[in-house]
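Structure, as structure tokens:
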């Protein structure tokens, strides 16, 4: 498009948002390049939701094999090998990294596997020293695990390193009580580890529906996960035998073989050079943008976790696509952030969309809540006492369904379809008018009265 600059678009960060933006912009005729300092694919593909979900799948077999006897199956000599699961997961990460790289190449996007920093409104410098100019710069560098400051932090790992553990820890301490912490707590618990979750507050999964949080806490405690609330880690000391002594305030220290820090993620903007373009970061290090992903510098945009709006892969992809259409496709558009479904792949998993009961009461006042508290057929047959809980939050004045919240087997898979209903503004009467699909867990959604 231009002869004035080296590129029409230069993207910093080849994660989900950056790859989508570069591909779509190239399709609109722009000359595009992208820089990535680690591996193409970003957090989700390389060290986040994809490898995590594969570990969840692998850990589920402990329960499935245990239940198999109730279905007539005898499995002799069962044993688990961490190295096999870990290496298989990492091979799939390699496959996806190659696939994302091929996507860039097939869409005529030039890619540089080195760090890029901003040197001005229309210029970047690669780690190797090359200076590049671009009419538009898109920042899509994502977020990075927060590391609290305490003595012995160097002995701890984050979600970046957990996929590379040389051996399965017999005892693991996890600091944090958000989705990352509880997902890995479920994984390691299912694989036979002693799991202790420590948190600075007395809540888990802030932002999710209260009833589901309580149910997950009950079930995971029954499964053997130990919680220590109101006591963040104060220090970690490596012992002579290689174990870790974890001090958590007035409580007795915990002996562990690994300590996973999962206290949240922050935008990865440090050292990016945004000040060279007159961009001031927000309180959490995020890049402030408007609805069209524009920063304070007219030639620089940002999408994804680095903006700290909604840290979810599908959201970053939509933002990247909307940016490319707006800037290079002559089709200005924004992303609708209402009714975004989310899930926690804990064990059991939970998922929700729309307003929680508490949020709905604060916003609407007069709401109706419908619940189904049941034992899934599979659990009944296998002798498991764990119960699922489904919840509809409804505006009492209009009958519109404001939120759907589920905990139980396959809750995220079921929730995706329910999210369409909430987004479309369907009413409780619409749910009631739908014939149930029997026998299924999902039928509970249309049978609540």
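Glycine is treated like the rest: Cβ placed from N, Cα and C.
Sequence annotations record features per position, and here TrEMBL assigns active site, proton acceptor to 438. Residues or ranges marked as FAD binding site by TrEMBL: 53. Annotation source TrEMBL lists NAD(+) binding site at 176, 177, 178, 179, 180, 181, 182, 183, 264, 305. Here TrEMBL flags 44-49 as disulfide bond. According to TrEMBL, the domain 'FAD/NAD(P)-binding' annotation covers 7-320. Look at TrEMBL and you will find 340-448 tagged as domain 'Pyridine nucleotide-disulphide oxidoreductase dimerisation'.
For the domain 'Pyridine nucleotide-disulphide oxidoreductase dimerisation' (340-448), the predicted model reports an average pLDDT of 97.
Cα separation, residue 44 (disulfide bond) to the residue listed as 'FAD binding site', rounded: 10 Å. Largest Cα to Cα distance within the recorded NAD(+) binders 176, 177, 178, 179, 180, 181, 182, 183, 264, 305: about 21 Å as a whole number. Sequence-distant contacts of residue 178 (NAD(+) binding site), defined as residues of its own chain at least six apart whose C-beta falls under 8 angstroms from its C-beta, comprise 204, 205, 206, 262, 263, 264.
Of all the recorded positions listed (53, 438), 438 has the fewest other CB atoms within 10 A of its CB. With DSSP states grouped into helix (H, G, I), strand (E, B) and coil, the domain 'Pyridine nucleotide-disulphide oxidoreductase dimerisation' (340-448) comes out at 37 helix, 33 strand, 39 coil. Residue pair the residue listed as 'active site, proton acceptor' / residue 49 (disulfide bond) shows a Cα separation of 31 Å. Taking the recorded positions 49, 180 in turn, the residue surrounded by the fewest other Cβ atoms inside 10 Å of its Cβ turns out to be 49. Residues within less than 8 Å, Cβ to Cβ, of residue 176 (NAD(+) binding site) and separated from it by at least 6 positions along the same chain comprise 197, 199, 261, 262, 263, 264. In this structure, residue 264 (NAD(+) binding site) belongs to neither helix nor strand by DSSP; it is coil. Counting every protein chain shown, 26 other Cβ atoms lie within 10 Å of the Cβ of residue 182 (NAD(+) binding site).
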